[in-house]
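Visitor: Have a look at this one.
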Amino acid sequence: RTSRCIWTTRIRGPGCSCAILYFRLTYACVLSSIIAARETIPMEANGSQQEEPGHLSVDHESLKEPRNKKGGWITFPFLAVAILGLGLATGGATSNLVVYLIKEYNVPSVDAAQISNIISGSISVAPVAGAIVADAFFGCFPIVAVAMVMAVLSLVMFTLTASLPGLRPAACQLGAGPCEQASTGQMAALYAAVFLLCLSAAGARFNQATMGANQFEAAADRDVFFNWYFIFFYASTVLGATVIVYLQDTVSWTLGFGVSCAASIVGLTALLLGARYYRQPPAQGSPFTGLARVVVAAARNRKVSVVASKEDLKFYYGPRRGDDDVKTGGDGVVTPSDSFR
């Protein structure tokens with residue numbers, strides 16, 4: 001650029017005015033700069049085009065990943081409130097059920113204890129069936145949501161049985177003859193509430209823990225969540241068995257069941273509000289399916305005679321991986337050993 005400017009100054013001679021020389025000198029310098037820039041830009045553009053795809057892919061991935069990523073600790077407050085709500089609802093409805101049957105439904109104490117034991121056993125066993133259904137067919141979130149709805153309906157019916165005189169028999173008066181027994185319709189309303197409560201426990205108790213663990217990728221985070229899950233679960237159960245029972249005994253049954261119903265509604269609301277953040281893996285089948293297949297296959301082959309010789313590998317399938325010292329047959333099938341397996 002400097003040589004071009006000097007050459008332009010020399011060819012004009014001393015007869016030119018300083019203004020003309022200055023103008024032509026400036027014009028020449030600017031023109032040469034533009035030409036040099038036009039020669040440089042394509043080279044830089046080519047270099048940027050070679051690096052552009054890599055940079056763009058990294059930027060797009062970094063921008064898309066946070067938007068599409070779900071789960072994590074942002075889901076914990078919603079799940080914690082849902083766990084507390086269901087625990088309060090279940091604990092408040094079942095902890096004092098024997099007293100409720102005796103005082104409000106005139107059920108003999110022995111029969112009331114038997115009914116309470118059956119309900120407690122059903123609530124303890126039913127979650128196994130709920131977990132199987134969630135694993136095999138629908139996933140955790142739909143089952144938990146439906147179970148929370150059933151808990152709300154159950155507590156609404158419990159509250160109605162306590163508040164509406166027509167849904168329970170007349171109070172038993174001491175020394176006034178035999179107590180009035182509950183009618184079939186009154187017991188049907190009570191058993192419907194109990195049945196819905198058992199269904200809610202079946203769908204939510206174990207699946208809440210599994211659903212929460214599915215929100216985390218790291219094993220350490222899952223361990224921390226399980227710790228908090230059991231803390232909230234047992235804390236809510238204790239509160240239901242103490243605070244709710246105190247309200248039922250000292251204030252009224254309607255208030256006790258009403259507080260449990262409100263807790264279940266709050267838990268359901270929190271669960272649904274966090275739906276946009278939940279990671280919902282699809283159902284992957286139940287391990288009990290494979291167990292059932294084994295039982296069916298064993299029943300079908302119960303009359304097959306198995307040869308004790310190691311030479312016959314007909315009834316053995318697939319080698320064991322990781323055992324280098326295992327003797328296999330010609331087709332790679334592991335032969336049985338004499339040692340304890």
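Here the Cβ of each residue, glycine as well, is placed from N, Cα and C on the backbone.
Per TrEMBL, the features are:
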{"type": "TRANSMEM", "residues": "73-102", "note": "transmembrane segment"}
{"type": "TRANSMEM", "residues": "114-134", "note": "transmembrane segment"}
{"type": "TRANSMEM", "residues": "141-164", "note": "transmembrane segment"}
{"type": "TRANSMEM", "residues": "184-204", "note": "transmembrane segment"}
{"type": "TRANSMEM", "residues": "225-247", "note": "transmembrane segment"}
{"type": "TRANSMEM", "residues": "253-273", "note": "transmembrane segment"}
{"type": "REGION", "residues": "319-341", "note": "region 'Disordered'"}
{"type": "COMPBIAS", "residues": "319-328", "note": "compositional bias 'Basic and acidic residues'"}
Visitor: What else in the chain is close to the transmembrane segment (114-134), if you only count residues 6 or more beyond its ends and a Cβ gap under 8 Å?
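Guide: Distal contacts: 90, 94, 97-98, 101, 107, 140, 143, 147, 194, 197-199, 201-207, 210, 283, 286, 288.
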Visitor: Pairs 6 or more apart in sequence, C-beta under 8 angstroms, 3 or more of them: is that satisfied by the transmembrane segment (225-247) and the transmembrane segment (141-164)?
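Guide: Taking Cβ pairs at least 6 residues apart, the transmembrane segment (141-164) and the transmembrane segment (225-247) are not in contact, as fewer than 3 fall under 8 Å.
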Visitor: Residue list, the transmembrane segment (253-273) vs rest of chain: Cβ under 8 Å, 6 or more residues beyond ends.
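Guide: For the transmembrane segment (253-273), the sequence-distant neighbours (Cβ-Cβ under 8 Å, at least 6 residues beyond its ends) are 77-79, 81-86, 88-89, 92-93, 96, 100, 104, 144-145, 148-149, 151-152, 154-156, 158-159, 162-163, 240, 244-245, 247.
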Visitor: With a Cβ cut-off under 8 Å, give me the same-chain residues at least six positions beyond the ends of the transmembrane segment (73-102) that come close to it.
Guide: 108-109, 111-113, 115-116, 119-120, 123, 144, 147-148, 151, 154-155, 158, 162, 193, 197, 200-201, 204-205, 208, 211-212, 215-216, 221, 225, 228-229, 232-241, 244-245, 248-249, 253, 256-257, 259-261, 263-268, 270-271, 273-274, 277-279
